[in-house]
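**Q** Below: one structure in structure tokens.
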Amino acid sequence: MAPKPPSGTSSRAWDAVNPPLSEWVLDAVSSMGFTRMTPVQASAIPLFMAHKDVVVEAVTGSGKTLSFLIPVVEKLLRLEEPIKKHHVGAIIVSPTRELASQIYNVLTSLLAFHPASAAVINTSETEDVPRPKHSSSVLRVVPQLLLGGSTSPAEDLSTFLKRSPNLLVATPGRLLELLSSPHVYCPQSSFEMLVLDEADRLLDLGFKETLQNILRRLPKQRRTGLFSASVSEAVDQIVRVGLRNPVKVVVKVKGASGVDDKRTPASLQMTYLTQPPTGKFPALKHILNSVQPTPSKSIFFVSTCSGVDYLSVILPLILGNDFQLIPLHGKHPANVRQKNFNRFVNAHNPAILLTTDVASRGLDIPSVDLVVQIDPPSDPKTFIHRCGRAGRAGRRGLSVVLLHPGREEDYVSFLEVRKTPVAPFPHPITVSDAEAAAATETARKVVKADRAIHDRGQKAFVSWLRSYSKHQASSIFRVADLDWEGLGKAWGLLKLPKMPELKNFKGDKTLGVQMDWDTYAYKDKQREKRRLELLQEMAESGQQQTTNKKRPNETVAWSNNAENRNKKAKRRDMKQVRQERKRWEKMTEEEKKKALETEQMLEQIRAKNEEQRRLKRAAAKADKDAEEGGDEEFTGFD
């Protein structure tokens, strides 16, 4: 990569950019409250506007969005002539629906200060009609947002054909579907710029193939910008994207030593707290109460979608009524995700977003004061992105990662090596045994009230363990070191699930809970009705329903065991016959002929071997008889 050229001025004033920004852009950023550029904006905007490919790595919350939106908009509005109908001039790709929506909202806020573009956007948002008639010589930016799950591909194409947007903000899958249409054009004469936001995530395996298909549909002669908080960890993949001698912009933050060794904002305090499993959830309440002033918005990260579903039921009971807890994960339907996201963003009372890594990247949620990582991320790269939801744009923020005592504490040194140092949580927190036991009983009370919540908890625990076992720092997060009983009690489980990992566990899998599983009911009447019907059917068929592991009957007669073995052998033989019949039916006549010849040859060999074994047995018997006869005692003649 080409080195970054020296800047002509040390000023970060917006009017000092070279080439100069348009007057309406200066008005827009001033109205948004941005008095001067952030370091990443001061570095990236001039380069991107000067027709350079850029790879931008900057700490999260440093203003990367405007770093690419302003150059893209300026480029489209400085063309010699408007882009042709149904031709695309620029594309911004984002890994998630939420982040794409956020970029689109910032874009429309920016374009509100450009009269021609604002007129088109306002019309398209209020009426489902083609864009208003303007002089064909008027340059304007017409954006379209493409999100999977919110509209159908046919609806997106219809909107594209009606409004003829020249700037697309999209998630990868939906963008590829639109570009695959013969009615959408991206020729070299029209297409100008491609932006990959959160570039390292877009280049992950889940998006790699889709991204490659998108790039095949775009001209190679284009300006490309890659923006992320950790671009350096995907350099090999970035080079293959097709950038031409890109300029790399790296913006870091000075640590306490004065060296540029941190990859997070200086306004963000990153800490860790060590708690045993039973103390983790009660400690959350202590954390919330220790932060002053009380956090208006907090984000709690867990590792799985099932974990969000289950903990969203029990955590409010442990935390109390002072905070509104809102769940969000990637398996929610698109409308539920958007609804819950908006609830959190617009919440006036203290709110907590309980989420997975779907909310860890790029989202600029205002006023997030606290981030708690209940589960450390399985991918260490995600750690910095989770922390970065707080402390954005200079606002003070606090991040806490919860660790179990022992080997997990080595994660602190691991993060230090990765230039994301964490300090001990500044306020000592001690969770008493009585408080931990009370939290367990509080959770179990709601679990006992509805068998559906029990099922949800069992699923969530298994899912959590699967995620834990796949941690990339596997030498630190070891399944063998887990406190099973402590974890089960912490989660409010009534028993430990059946899992291969518990095969050699010698502890109490019932967790000290006595339950009548036959009478343990679902609140949902239909589910309970089905359960009772199944219970009745099993009772009538002589089977006993139990959720515990079946214990062997120590008084079973040998004859019953022999009968069971005979039944199994018979079933095995029948299965083998069916498989052989299916194999025979698939054969050609020639194959059948060869198979018969082979079988006949094998029969001859078997017969020959059996005859040899028979002769050997006969000879052995004769030798034995002779030996026994020779040893007889002589008793004399008659």
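Cβ coordinates come from backbone N, Cα and C, glycine included.
Sharing the record's features from Swiss-Prot:
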- Ala58, Val59, Thr60, Gly61, Ser62, Gly63, Lys64, Thr65: ATP binding site (BINDING)
- 521-629: coiled coil (COILED)
- 574-597: compositional bias 'Basic and acidic residues' (COMPBIAS)
- 625-638: compositional bias 'Acidic residues' (COMPBIAS)
- 45-249: domain 'Helicase ATP-binding' (DOMAIN)
- 283-437: domain 'Helicase C-terminal' (DOMAIN)
- 538-638: region 'Disordered' (REGION)
- 14-42: motif 'Q motif' (MOTIF)
- 197-200: motif 'DEAD box' (MOTIF)
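Are these features on the surface or tucked inside, and what touches them?
**A** The Cβ of Ala58 (ATP binding site) lies under 8 Å from the Cβ of Pro39, Val40, Lys64, Phe227, Ala229, Val249, Val250, Val251, each of these being in the same chain and 6 or more residues away along the sequence.
Averaged over the coiled coil (521-629), the predicted model reaches a pLDDT of 72.
DSSP states for the motif 'Q motif' (14-42), grouped as helix (H, G, I), strand (E, B) and coil, give 16 helix, 0 strand, 13 coil.
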**Q** Sort the residues of the motif 'DEAD box' (197-200) into helix, strand and coil with DSSP and give the three counts.
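**A** Its residues fall into 2 helix, 1 strand, 1 coil.
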**Q** Residue counts in helix (H, G, I), strand (E, B) and coil for the compositional bias 'Basic and acidic residues' (574-597), per DSSP?
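**A** Residue counts for the compositional bias 'Basic and acidic residues' (574-597) by secondary structure: 21 helix, 0 strand, 3 coil.
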